[in-house]
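Visitor: Sharing a structure here in structure tokens format.
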Amino acid sequence: MQFAKGHGTQNDFVLLPDLDARLALTPAVVSALCDRRRGLGADGVLRVTTAKAALSAGVFERLPEGVGAGDWYMDYRNADGSIAQMCGNGVRVFAHYLRAADLESRDEFVVGSLAGPRPVVLHGFDLAHRSRAEVTVEMGKVNLLGSGSAVVGGRRFTGLGIDVGNPHLACVDTTLTEAELAALDVAAPVDFDPAQFPDGVNVEVLTALRDGAVSMRVHERGVGETRSCGTGTVAAAVAALAQEGAAVGTLDVRIPGGVVTVSVTDTTSFLRGPSELVATGELAGEWWQSHQR
């Protein structure tokens, strides 16, 4: 069974090419695969398939709204094995992998997800240097879910609930310094209102917008702290702009894994950043079977 390993600003993934969607991605095998001691280690798993194959295999009962049967489909699983609607960094790595593996010849195409279609653009992709790419993903229009609060690292933050295809609570703290953000225990479990977010929520803590940029850390549901979160950076950008009384704009979001650029318009949003493919290899069939239970 072939695999690839890649990351987008150190948000890392195991990619499983499965064009017929035949693999049984049980929570047990996904969590084992993502375990950094007993598996390959990753923040999540990306099954590389098509929407038609996923539908035929019963991955979903009907095509997600706006996704065509002929579209590529990113079947994304969190590190705990749960299914996620969307992953911005994952889409960038997914699109990069398709080009690098010669599964796709275009630099502009659509990747389907549970959250709907995500148009992608690879900028100046060079087949002679396949391991690196710069990718923009159109993330769609965000929806505001109202204000809320969460306790992160023993400190309560107030934030803005934002739907980016998955739920976020982006907390801008105008008094937070870079040093305080770096010292915050984001890895510890976060406390939030389950009535507001019954399916869980990704929580971002960020500094105020200064010189066209913010700094952010994130606790992802089903994963814990990650070095980056693509949908989280979009949510952070929306919250930072709202803090300034703006609804549209472009800014850089600094995360522990690097820097991405987010643009928010009246009708949609865009995420641009790097992708890197680290390795390809073969999973032992015996290992896979032993972790299906």
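Glycine too: its Cβ is placed from the backbone N, Cα and C atoms.
Pulled these from Swiss-Prot:
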ACT_SITE  CYS87  active site, proton donor
ACT_SITE  CYS229  active site, proton acceptor
BINDING   ASN11, ASN78, GLY88, ASN89, ASN166, ASN202, GLU220, ARG221, GLY230, THR231  substrate binding site
Visitor: Starting from the substrate site formed by ASN11, ASN78, GLY88, ASN89, ASN166, ASN202, GLU220, ARG221, GLY230, THR231, give every other residue of that chain whose CB sits within 8 Å of the mean position of their CB atoms, in sequence order.
Guide: ALA84, MET86, CYS87, GLY90, VAL218, VAL223, THR226, CYS229, GLY232
Visitor: Give the distance between the Cα atoms of GLY230 (substrate binding site) and CYS87 (active site, proton donor), rounded to the nearest whole Å.
Guide: 6
Visitor: In sequence order, which residues at least six apart in the same chain have a CB under 8 Å from the CB of the residue listed as 'active site, proton donor'?
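Guide: For the residue listed as 'active site, proton donor', the qualifying residues are ASN11, GLY44, LEU46, MET74, TYR76, SER113, CYS229, GLY230, THR231.
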Visitor: At a 10 Å cut-off from the C-beta of GLY230 (substrate binding site), count the other C-beta atoms across all protein chains.
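Guide: There are 27 such Cβ atoms around GLY230 (substrate binding site).
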Visitor: Cβ neighbours within 10 Å, counted over all protein chains: which one of the binding-site residues ASN11, ASN166 has the most?
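Guide: Within the set of binding-site residues, the most crowded position is ASN11.
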Visitor: Give me the long-range Cβ neighbours of GLU220 (substrate binding site): same chain, 6+ apart, Cβ under 8 Å, in sequence order.
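Guide: Correct list: ASP43, ASN78, ASN202, THR226, CYS229, GLY232.
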Visitor: At its widest, how many Å does the recorded substrate site span between Cα atoms of ASN11, ASN78, GLY88, ASN89, ASN166, ASN202, GLU220, ARG221, GLY230, THR231?
Guide: 17
Visitor: Please list residues from the chain of GLY88 (substrate binding site) whose Cβ is under 8 angstroms from its Cβ, counting only those at least six apart in sequence.
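Guide: GLY88 (substrate binding site) has long-range Cβ partners VAL137, MET139, VAL164, CYS229, GLY230, THR231, GLY232, THR233, VAL234, LEU271.
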